[in-house]
Structures are given as structure tokens and as C-alpha cells.
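Peer 1: Sharing a structure here in C-alpha cells format.
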């Protein structure tokens, strides 16, 4: 799989790194909020300028704070410097602080690939402030305002020439979203899959705030894996940033083909897990229930089967969904998980012709004793991925649930065993004679 040249955005918190990242991408990808240390993970995205592409990476703020998360963020930034082709050092043109000087010193040995970006040059009369930064020793400098989009086009054109590559196509065969409560093992899994620590792993719940993308190849097919901030109950969302992360996690479900719903095997199933399951099925996405941290379980005979029965009782809406157990540390169940994802993707893309459907429908009707006042006319599949059917009847009021479920169960047997299928009842208008 071809790889893109990489551009890393670095700087202390609140200099506008994420706003610049979004402007260069021309989208709202990183969370931007006037709160210290909003971006924590490495947020990667392929940037397209004309027909040229490169990978743009937003980072957490370089800070002198000594708390655990701040130290992890700084270490992640420093470990990324060797691996990239260009470094955009973002400074606030209005002030330079101790943290700015600290990161400048760390960047000295990479000066040949450092581009100085002076942000918050919101008006022309601020351009004179740039002269105060010439003594920092970096040859290339851009004056921008990420908020007002000043200087962004010039910077994008520069990046296109310096690192942009044409005609690179990474066809993605399967998009997978890793969803679950905070600290359920999502970031550990995606770090293992990517081979890099792009997502912060900590014992503190809620350390991932953006969604993190990575690509990998399995059996000649390209997976795009998206990790999200943990979904928590809205009543407990106290910060604006956490609110955005919850909404972004729900948007990720909309973006992907298949969801891995990660559940910490040591935690109880919750109503929030159930709400996630309902949202996924309502959207017609494939879903695999994944119990993580299986290495922590002292397994007794029949424990996994009992656990699966409990899940099916707790999640009746997911009685079709596969259930897996994994341990990243012990390398348990990971290959099987991807094989199952291939299987689900095939089912999502399977489409049955209308004539074949109606032949089977006639057989199902004969095998079922239905109230004579409700008559099925015909059925058609209107889409794949999500799989949607429309079932036409002479009337839909008081349509028996038992018969509806009977039809859905029969539809599953023809090639949709492990995925949600959406069946809409419609009333067939009587032909006028």
C-alpha cells in the first residue's frame, strides 16, 4: 500500500494548531475549543490540494505541565519528529512563551524541515510583529490567521509543491469504527493494529477526544479503522469538548461499514451499551460485539458460552450479531475478528433480485397462517449496505408483529445471517379500474 509524505503540526496549547489543521484540510476534523489541551492524540488525515495529496498530522499541545496526560502528549510529539517530512511550528504572533522556546530548542536538529507558521495575524497591521521572530533561526516563515483564513491558500500551495504526491489511490475495502465506553480498550487495539502509538493509552477514562484513523492491510484488502472518544451518557457530559466527542462518535457510526462494539470483560453491560447497539442497528451497520482484555479473565469451562447467552438476553436487538473475545496483550482473537469483518462486509453488499425474492416470499406465505385481512403483495430490496427491503401489503395498520418477525427471520436465511436488515412496511394502493 502506497504511503503519503507526512506534515506534522506542533506548538504549545492554544496557538491555533487544530484550527490551522482544519483550514489546511478545508474541513472541521479536529475539535477546536478555547480550552487548554483540547487535542490529545495524533489526529491524521490525508489532505488533498488539487490532484496532490499528503498526510497532515495534528498533535497535542507541547506543555511544561507535569500531569500524566501532558507528559504522554509531549512524548508523543517528540517521538513523531523523526518520522515526518515537514514540521509546521505554530506560534502565536502576539506573544512568545517559555513553552515556545522549549519546543524550539527541541526542533533545532530538525531545522532543515521546520516551517515557522505565525498564527493570529488577523489584520495587515499585525504583520510587522513577524520581524520579532526572525532571530529564531528558521529560514521559511508563513503569516496566517487560521480563524480568518488569511495566508492559508499560500501555505497550502507551498505544501503541495514540497510534499504533495499525485495519483496515489488507497482504495478502502472496509471501514470499521471502534466504539465503546471510555477505557474499554479501543486505543490499545488501534495502536496495536497501526503499529504506532497514535492514540493515548492511559488508565484514566476519556483520554481520546478526537477520532483517530489508521489504515492496514489484511489478506490483500485495505481496512480503515476509526477509533473514537468513548460514548458516555449525555447527562454526564459536562465539558463542551466531551459533548463534541460524543456527537463525533455517533457520526463515525454513520461513516463506517462495521462497528466493533468493545466491552471491557470486567465491566457490567450498561444501558449505554444498549443505546449504542440500537443506534448501530437503526443505521443498518454491521456490528461485532467484542469483549476486550480477555487476558484478565481466569476462564472457567463454559464461561464464554454463558457470557454470550447473557449478551443475547441483554441485547435482544442484536440476536444476530457475532460475539468475540480478544486480548491485545496476549494476541488472542485478533485474526478471527478480521475474518468475521470480511464475512459481514460480504453480507452487507449482498443483493437479491426482486423476482427471486418474490418466489421465496410466496413460499413463506404458504407456510404461515396469516389473518386473511392482511395480504402481502410483494417485496423488493432497495439497497445494500445498509440492506433495506420494502414489503408491500394491502394494509399495514395492526400488521401482526409475529408475521413481520417471521419474514425478517426468513430473509436472514438467504444471505443476511449476521447483519441488521431494515424492512419497511408500505401500503399498496389499490389499482383503480
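Each position is counted from 1, following the chain as shown.
Placed from the backbone N, Cα and C atoms, the Cβ positions cover glycine too.
Under the heading GTP 1 binding site, Swiss-Prot lists 11-18, 58-62, 119-122. Feature annotation from Swiss-Prot assigns GTP 2 binding site to 180-187, 227-231, 292-295. Annotation comment: Swiss-Prot describes 5-167 as domain 'EngA-type G 1'. Residues or ranges marked as domain 'EngA-type G 2' in Swiss-Prot: 174-349. Annotation source Swiss-Prot lists domain 'KH-like' at 350-429.
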Peer 1: How do the residues of the domain 'KH-like' (350-429) split into helix, strand and coil according to DSSP?
Peer 2: 26 helix, 20 strand, 34 coil
Peer 1: Could you state the whole-number distance in Å separating the C-alpha atoms of residue 183 (GTP 2 binding site) and residue 59 (GTP 1 binding site)?
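Peer 2: Just about 21 Å between their Cα atoms.
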Peer 1: Between residue 14 (GTP 1 binding site) and residue 186 (GTP 2 binding site), what C-alpha distance do you get in Å?
Peer 2: 27
Peer 1: Give me the Cα-Cα distance between residue 17 (GTP 1 binding site) and residue 186 (GTP 2 binding site), rounded to a whole Å.
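Peer 2: Here the two Cα atoms lie 25 Å apart.
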Peer 1: If we check Cα distances from residue 59 (GTP 1 binding site), which of the binding-site residues 180, 186, 294 wins as closest?
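Peer 2: Nearest listed residue in space: 186.
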Peer 1: Since the record lists 62, 294 as binding-site residues, which of them has the fewest other Cβ atoms within 10 Å of its Cβ?
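Peer 2: Counting other Cβ atoms within 10 Å of each of the binding-site residues 62, 294 gives the minimum at 294.
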Peer 1: Residue 62 (GTP 1 binding site) to residue 186 (GTP 2 binding site): how many Å between their Cα atoms?
Peer 2: 24
Peer 1: Once near-sequence residues are set aside, which residues in the chain of residue 121 (GTP 1 binding site), 6 or more away, have Cβ atoms under 8 Å from its Cβ?
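Peer 2: When sequence neighbours closer than 6 are ignored, residue 121 (GTP 1 binding site) has 93, 127, 129, 130, 143, 144, 145, 150, 151 within Cβ distance under 8 Å.
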Peer 1: Across all protein chains in the structure, which of the binding-site residues 11, 180 has the highest Cβ count within 10 Å?
Peer 2: 180
Peer 1: Of all the binding-site residues given, 14, 59, 183, which residue's CB has the most CB neighbours within 10 A?
Peer 2: 59
Peer 1: Restricting the comparison to the binding-site residues 180, 186, 294, which residue's C-alpha is spatially nearest the C-alpha of residue 11 (GTP 1 binding site)?
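Peer 2: In terms of Cα distance, residue 11 (GTP 1 binding site) lies closest to 186.
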Peer 1: Looking only at DSSP and grouping its letters into three states, which state does residue 121 (GTP 1 binding site) belong to?
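Peer 2: SS state of residue 121 (GTP 1 binding site) = coil.
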Peer 1: If you count Cβ atoms within 10 Å of the Cβ of residue 17 (GTP 1 binding site), leaving out that atom itself, what do you get?
Peer 2: 29
